[in-house]
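**Q** Look at Swiss-Prot and you will find Gly8, Arg9, Ala10, Gly11, Ser12, Gly13, Lys14, Thr15 tagged as ATP binding site, backed by sequence analysis. What Swiss-Prot records for Cys784, Cys1102, Cys1105, Cys1111 is [4Fe-4S] cluster binding site, and it gives sequence analysis as the kind of evidence. What Swiss-Prot records for 1140-1159 is region 'Disordered'.
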Amino acid sequence: MSIRFIYGRAGSGKTYFCLEEIKHKLNDGANHPLILLVPEQFTFEAEKYLLDMIERDEKMRAQVLSFKTLANRVFVEVGGLARQHMKACGKSMVIYKVLEENKEKLKVYSKASRQQGFVKKISEAITEFKRFDVTPFQLIDASEKIEKLGLKEKLEDLALIYSSFEEVLHKNYIDEEDELDLLSKKLEKSLQFEGAEFWIDGFTGFTPKQYKVIEKLLKKASRVSVTLTLDPSIDSIDPTHLFYTTKKTEEKLIKICETNGISVEEPVNLNKGIPKRFEHNKELAFLEKNFFSHPYEIYNEETKNISIFKATNMYSEVEEVARDIARLIRDEHMRYSDIVVATKDLKRYYKLVKAIFSHYGIPHFIDLKINITNNPIIVYVISIFEIYLKNWSYESVFRYLKTGFTGIDKEEINLLENYVLANGIKGNKWKERWEYRIDYKTDSLLMEEREKQIINKVNEVRERVYLPLEKFYTRFSHSKNVKEACEVLYDFLVENKLPEKIEKFIEEFKNRGEFDTANQYAQIWDIVVDVLDQMVEVLGEEKISLEQFARLISIGFDEYQIASIPPALDEVLVTSVDRMKSHNSKVLYLLGANDGVFPASSFEEGIFSDEERNLLSSLDLELDRDTKAKVFEEQFLVYTALTSASEFLKISYPIADHEGRSLRPSIIISRLRRIFPKIKVSTNIVEMDTDEENLNRVTVPLPTFNEMIKSFKKWNITGKIHPIWLEVYKWYRTKDEWKKKLEDTLEGFVYDNQIKRIPPLKIKKLYGEEMEFSVSRLEKYAACPFAYFVQYGLKAKERKIYGFEPPDLGIFMHNVLNEIAKALEKEELTWQEIDKEWCNDAVDIIVEEMVDKIPGYILKSSSRYRYLANRLKRVLSKAVWIISEHMKRSSFVPLGHEVAFGENQKYPPIKIVLSNGEEIKLIGRIDRVDVLEKEGETYVRIIDYKSGDKTLDLSDVLYGLELQLLVYLDAILESAFEGKANLSPAGIFYFKIDDPIVRADKDISDEELYKEIMKRLRLEGFVLKSLDIIREMDKLIEGTSYVIPASINKDGTIGKNTKGLTEEQFEILRKFVKKKSKKLAEEMLQGDISILPYKKEKETACQYCPYSSICKFETNFKGNDYRRIESKEEKLWSIFEEEVKEDGSQVDGRTEGSDNNEG
């Protein structure tokens, strides 16, 4: 019985020495067991090395074991497997059960027990206690010695949780940590390792339980050899030293030997000369010797085997690695298996490496286990419970449906989703048949056949979603315990053919070459069943609610991770520096060498803070290292990484993260640059157009093709290109498989997103043959022809979301005001005769009736919307009262409300004859027309209600953006209504429907408040510049009017603040608007669909346009620019007058004729 230490710095050949010794022992005929004991994650690699060195028939005598496989061997021999092994999933479930049962007794963790991730935190704490041989009794004992209340109560809580967990666990099970306890006991009875020889390799340190097992092995074995990464020539080692941990490991093993009378042999020191790994590479040998030396030497020669790459971001960093790997394979004749790519943060790099390496055709294995919680199969199972717990919320239902496992196809899901979103369906509404209207013809009260068909289809899909789930919830509610609940869920999954659907997906993935995804799906069903089995085993007879079940199954799934397909013979290994253990890699790419990342500068403290750990340590309660010690141990990780390759070390770091935030280089970079002043540092921050740089970008066909296109784009802008890309182009042109892609891509250089015209015959089919247009449609065309085409030609619609949006608000308010006008007529009242009380009562009744008569109407769907309905009542009451006040001060009287002009309406449409002889009709609906009879003349004013701020700007009229009021005026003036021939314009106005908030620094009187409200809600637009008409519109005017945008000076003249037009100006604008309408209609019907949005100061047509993703409008793109709107009034009038003068057309009745001289 003896122990022997094998010392050696990194690369000195410690593993090789062990394997060589085993080989020689076998050759010498050794008949006792020869065991290489390594960490669990390195067993596969160690077995491979061993097999390469020995004959296969000798494998039985020489074996590679980990502590886990060693335990299994002993248990098979002497027993110990009577109790079942509890998996991490079952362990978490027991902890959840313990927390639930003891939540009233817990002091610190009574509320935290239900927090996300808390079960995992407690699980890690219990694991730590067991690994370091800490019992619940020791926790209680420590708590009694501590005065600090927070830590005292924390220890008491943890002791209670831990002891309760152990009680449940040890009834029928053991967990992974118990195995080592059991192993150390059972080793005494084991005979298979009597006289065996052990080589323990690859460990930096051991847990207290592993030390106990080693102690037993030392008593059984003839010799135990332990490799230590250590330099025995270093005398004093403090906690900050690189080899501190391994030195402490040696001391503990020596102490065990002294206690048990086991001899310590003369150590083997491999630290002689150049380390074996670097015997042909003096740069890496120099690095190993000096990187952590104080003082260090400087390497003054050219550095060829170590390099640094400074990348703009993570993507370009990984792409540079991919390019360099392609070069090594092509030019240096390396094998992929010679290369390792490592990083401290593999989760952050995983997707990038996977995508870019696949793009470059680099075979690779990513040594990372992936959480399964986002896998569609798991999402499907979890969503079954979420739907119930979240009351059939939109998110939970469609998360479930979009997994692809419900048997409902995508088209049906889209139909259902649009309907649910448009109508805000959730909760009990899923139980009922749906009859909510679909917005085809909103003015039709009768449901059309097409609408009925869609609603029937929606309800058929609804039943296929609702009925199976409702049946499941009913059956689940009758289950008496966890076992029965698991059976109900399993039956539901099988009845809905989940295993068969998974198999179908696996086949599809394999056919597409997505073997990694196929491998993941293949494991998931077994995991689902395993979690259910664990629940039955651990909590089978426990009563459980659906909410608890959902939480438990989620906790179970959280414990599972899926590994990728095991590596092939020739693949690049992509791994984390924490798991890196490759003795035969020639090249290491070390990614993400950023400050604070590698080496890490901080760690999470866990259940105990560093201060608490140190306090417990002073009470002889030894736990894992504190974060400070872990930071020092990062040095050893850096050392291991930097010395793992035998030929090339390539370190890289990005200067910015994916959000553009700057990142600093790691201390590793600065230290390398000091030790190797001539080290090559390359970057892609500024692309160099050198022969070498361009040649490096030529790698494998697909990425090289993309690089060529990038060069062509620059050529297109700068007129310069490196000759190499012309040669590359010739290569692709000669390859049949690349010809089509090359042609299609080059066509993109002359791509223009502008589609100028569509043939008139096609455009008519798209817009409709009736040639009838509302004025608002012309205005939309003027704002941007392409947006108009998408909306009215392609009939594109935004998905309707259940809500009360500005358009809904506007329609609702208009309808209420129209109903008010009807109520006045019915009660034979005028606007002048009503008071505030009548306004409030009438609005209240009308709003309630409108809300009640529409099934599922949004304004009664929730307390929030009922509050909005009440607010609307206040706003509309104020609007009705203000209109009444306007009327009381005015001589004008309403001619009509909601006055329609068009075919079969009271007033005919405005007909415009186009240049080609075709006729279009302008139609519309005027909110209110007021008239005044005066001295044989009838004056007309047009009023349009608006729910938001709206001004009438003549520049908008010039560009066709504001035609409505003038066309409405023209419709009435040209109608010769009721035989009246002498019709004149009095004004065109917008009226804002609002209930303004008046803020004042001091108390104000009712009169002042009234005036302020009237001022804010006066009409906005243009009035006839006539003193008589202004006084008829506001009979009480003194100075500035509270009704219209006008003022009268003290001398009785019209004030300069009046927004007025003369009769001649009204006539000019009417003629201009007709001409503009004709021009817009002609452009529209000739198929002009140019992408030409307007811009007026900061406002553009694109601001709220839903079609920007279709047109791709960008001002820096060829042919893309705004139509800019001038707003100087003096200029505008000269343009209006010029346009009207050029137009020699005559107005005949209501028809606008054509003229060949029109510009």
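The count begins at 1 with the first shown residue.
Even glycines carry a Cβ here, placed using N, Cα and C.
Provide an account of the burial state, proximal residues and distances for the features listed.
**A** According to DSSP, Lys14 (ATP binding site) sits within a helical segment. Counting Cβ atoms from all protein chains shown, Lys14 (ATP binding site) has 27 others lying within 10 Å of its own Cβ.
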**Q** Only counting partners 6 or more residues apart, tell me which same-chain residues put their Cβ under 8 Å from the Cβ of Cys1102 ([4Fe-4S] cluster binding site).
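**A** Sequence-distant Cβ neighbours: Cys784, Pro1093, Ser1108, Phe1113.
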**Q** Compute the centroid of the Cβ atoms of Cys784, Cys1102, Cys1105, Cys1111, then list the same-chain residues not in that set whose Cβ lies within 8 Å of it, in sequence order, for the [4Fe-4S] cluster site.
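**A** Other same-chain residues near the [4Fe-4S] cluster site: Phe786, Ala787, Ile1091, Pro1093, Thr1100, Ala1101, Tyr1107, Ser1108, Phe1113.
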**Q** Report the residues of the chain - excluding Gly8, Arg9, Ala10, Gly11, Ser12, Gly13, Lys14, Thr15 - with C-beta within 8 Å of the mean position of the site's C-beta atoms, for the recorded ATP site, in sequence order.
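**A** Leaving out the recorded residues gives Thr229, Leu270, Pro275, Lys276, Arg277.
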**Q** Within 10 Å of each Cβ, count the other Cβ atoms and name the one among the binding-site residues Ala10, Cys784, Cys1105, Cys1111 with the highest count.
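**A** The residue with the densest Cβ neighbourhood is Cys784.
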**Q** Would you count the other CB atoms within 10 A of the CB of Gly8 (ATP binding site), including those on all shown protein chains?
**A** 25
**Q** Looking only at Ser12, Thr15, the binding-site residues on record, which one has the least crowded Cβ, with the fewest other Cβ atoms within 10 Å?
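**A** Counting other Cβ atoms within 10 Å of each of the binding-site residues Ser12, Thr15, the minimum falls on Thr15.
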**Q** For each of the binding-site residues (Gly11, Gly13), count the other CB atoms lying within 10 A of its CB, then report the residue with the highest count.
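**A** Within the set of binding-site residues, the most crowded position is Gly11.
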**Q** Let me know the DSSP-derived helix, strand or coil state of Cys1111 ([4Fe-4S] cluster binding site), please.
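**A** The three-state answer is helix.
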**Q** Please report the Cα separation of Ser12 (ATP binding site) and Cys1111 ([4Fe-4S] cluster binding site) in Å, rounded to an integer.
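**A** Approximately 64 Å lies between the Cα of Ser12 (ATP binding site) and that of Cys1111 ([4Fe-4S] cluster binding site).
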**Q** Hey, how far is Ala10 (ATP binding site) from Cys1111 ([4Fe-4S] cluster binding site), Cα to Cα, in Å?
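**A** Answer for this pair: 60 Å between alpha carbons.
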